[in-house]
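Right, one structure below, let's go through it.
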Amino acid sequence: YQLPRVGSRVCAECLWSCGGPRLPPPGVPGEAEQPAPELVEVEVGSTALLKCGLSQSQGNLSHVDWFSVHKEKRIPIFRVRQGQGQSEPGEYQHRLSLQDRGATLALTQVTPHDERIFLCQGKRPRSQEHRIQLRVYKAPEEPNIQVNALGIPVDSKEPEEVATCVGRNGYPIPQVIWYKNGRPLKEEKNRVHIQSSQTVESSGLYTLQSILKAQLVKEDKDAQFYCELNYRLPSGNHMKESREVTVPVFYPTEKVWLEVEPVGMLKEGDRVEIRCLADGNPPPHFSISKQNPSTREAEEETTNDNGVLVLEPAQKEHSGLYECQGLDLDTMISLPSEPQELLVNYVSDVRVSPAAPERQEGSSLTLICEAESSQDLEFQWLREETGQVLERGPVLQLHDLKREAGGGYRCVASVPSIPGLNRTQLVNVAVFGPPWMAFKERKVWVKENMMLNLSCEASGHPRPTISWNVNGTASEQDQDPQRVLSTLNVLVTPELLETGVECTASNDLGKNTSVLFLELVNLTTLTPDSNTTTGLSTSTASLGCARASFLPQRKLPEPESQGVVIVAVIVCILVLAVLGAVLYFLYKKGKLPCGRSGKQEMERNTSI
């Protein structure tokens with residue numbers, strides 16, 4: 001207990017009330033006032049050192065009695081006789097010991113119940129007593145704050161509970177201070193009220209509970225509240241802060257508006273979200289409507305569970321005037337938003353005329369590309385096979401057509417201001433002519449009795465058909481409207497090695513032939529050149545065709561050439577195996593010197 005002081009002395013009446021020795025009231029003639037008790041401060045759980053202030057020169061420390069003052073009564077707790085100490089039975093019996101040659105009494109495991117006056121008294125009845133006031137301190141735990149999760153309406157007539165702060169196991173009772181946005185709150189009539197209470201635990205420690213009540217306004221919806229505990233220790237004043245909390249604040253809706261994501265220019269194929277927003281809390285019930293362009297009537301759209309209208313993928317038909325309605329379920333008042341125009345940019349299907357052009361060699365052709373869009377368009381013409389840009393603009397003119405000019409042309413219509421917004425259309429130009437192929441003849445290295453896949457490709461307009469001069473299983477596959485690929489599966493026989501294979505492509509304007517010569521593999525004389533195809537482990541040979549000189553000519557890879565490498569590797573392995581067997585045989589017969597002795601013998605022979 002804090003003792004009031006008068007000047008440098010403790011008030012005698014207060015000392016009396018706190019359980020100190022009975023002293024005469026101030027002003028009684030012939031009685032001297034007792035000096036103020038010595039103050040000793042310790043933390044809970046530590047050891048208090050109580051030093052007896054009696055004069056050692058008088059030998060008083062050899063015969064001392066110690067007392068604790070509790071409820072105005074002296075209770076003996078320890079005695080010293082001839083420098084030897086002995087605890088008295090009671091609450092301090094096992095926690096007291098002498099130190100410093102009997103001048104100090106040590107009290108271990110201090111608790112809040114030990115905060116009282118202790119005194120020591122010498123042998124003589126009239127000897128002076130020495131008083132010690134023991135102060136005990138304990139830092140409270142970190143403050144725990146709980147916010148009012150139900151929220152506070154701004155139209156409340158009196159302060160509502162904002163949060164509760166609890167500080168446990170402190171001593172003495174800490175002081176609590178509430179803060180809002182970093183500024184301390186004070187009691188304010190009809191605005192701010194702080195209600196605090198404390199509980200004494202069985203340990204003697206205090207648990208403090210403080211409730212903050214306040215009238216809040218709309219601007220407090222993001223306010224940060226926290227509490228602070230101030231307490232004292234022997235080392236000085238300290239404080240602990242709770243975490244910051246935000247209390248839900250309820251206020252009526254005054255404005256409703258629409259928000260569209262993503263922000264910026266929208267295009268077909270995008271995922272678009274249209275959501276309603278309001279400045280009230282809780283938000284009202286939302287509905288979204290779109291104006292019918294024919295009737296000008298608002299038609300409600302279907303939204304998801306969160307009241308958000310999702311357009312995925314967005315189409316040009318989604319463009320239009322949208323409006324949001326916010327219905328306050330408490331007041332049943334509906335507030336509309338401002339109408340907002342939504343524009344989904346688009347490019348229509350691209351049209352090319354003529355759609356299926358056919359021309360004779362030497363003639364000219366004009367291709368025209370058309371499309372519509374919500375924005376300005378740019379056109380490009382590309383060669384389908386190479387991706388080469390031939391023209392920028394909607395018109396492509398081709399003069400003095402050659403057969404190599406046949407094939408695909410692609411028109412691209414795009415909106416430069418909106419990346420990714422474009423449409424394309426492919427048109428195939430047919431140039432009349434007989435079939436043509438890439439090679440007139442080819443040589444293929446094979447092994448007898450192997451199954452071989454031969455392929456032959458031809459181009460022309462009208463579309464050619466392909467035939468083979470040998471029996472086998474043939475199949476055709478269209479590569480584009482004027483190009484066809486035929487594959488033949490055939491067994492290599494002596495007759496086939498002698499006659500070879502012919503592939504003939506024909507249409508109404510003529511025919512063309514490629515010849516495939518089959519040669520048996522000869523490891524000693526095999527020297528295939530760049531136009532030779534071998535077929536050992538692989539079984540496919542190609543008779544490729546190409547459009548003669550419109551594009552740089554490129555020869556197809558010849559997978560049969562890998563067979564030579566494989567055969568060479570196999571032969572090397574066999575040679576090494578034979579060599580290893582010969583060496584092993586010589587070693588077993590003892591004709592091959594090996595080991596250290598053999599090596600030395602060879603060295604001797606060499607030296608001789």
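For all residues, glycine too, the Cβ spot is worked out from N, Cα and C.
Here TrEMBL flags 29-133 (among others) as domain 'Ig-like'.
Residues or ranges marked as domain 'Ig-like' by TrEMBL: 143-246 (among others).
What TrEMBL lists as domain 'Ig-like' is 248-325 (among others). Using DSSP to sort the residues of the domain 'Ig-like' (248-325) gives these counts of helix, strand and coil: 3 helix, 38 strand, 37 coil.
The domain 'Ig-like' feature in TrEMBL is assigned to 339-428 (among others).
Here the domain 'Ig-like' (434-514) has, by DSSP, the following mix of helix, strand and coil residues: 6 helix, 53 strand, 22 coil. What TrEMBL records for 434-514 (among others) is domain 'Ig-like'.
Listed by sequence, the residues of this chain that lie at least six past the ends of the region 'Disordered' (283-303) yet keep a Cβ under 8 A from its Cβ atoms are 253, 256, 258, 274-277, 309-310, 320-329, 335, 339. Annotation comment: TrEMBL describes 283-303 as region 'Disordered'.
Under the heading transmembrane segment, TrEMBL lists 563-587.
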Task: Helix, strand and coil residues within the domain 'Ig-like' (29-133) as assigned by DSSP - done: 9 helix, 48 strand, 48 coil
TODO: Please figure out which one of 143-246, 248-325, 339-428, 434-514 racks up the most CB pairs under 8 Å against the domain 'Ig-like' (29-133).
DONE: 143-246
Task: Averaged pLDDT score, the domain 'Ig-like' (29-133) - done: 85
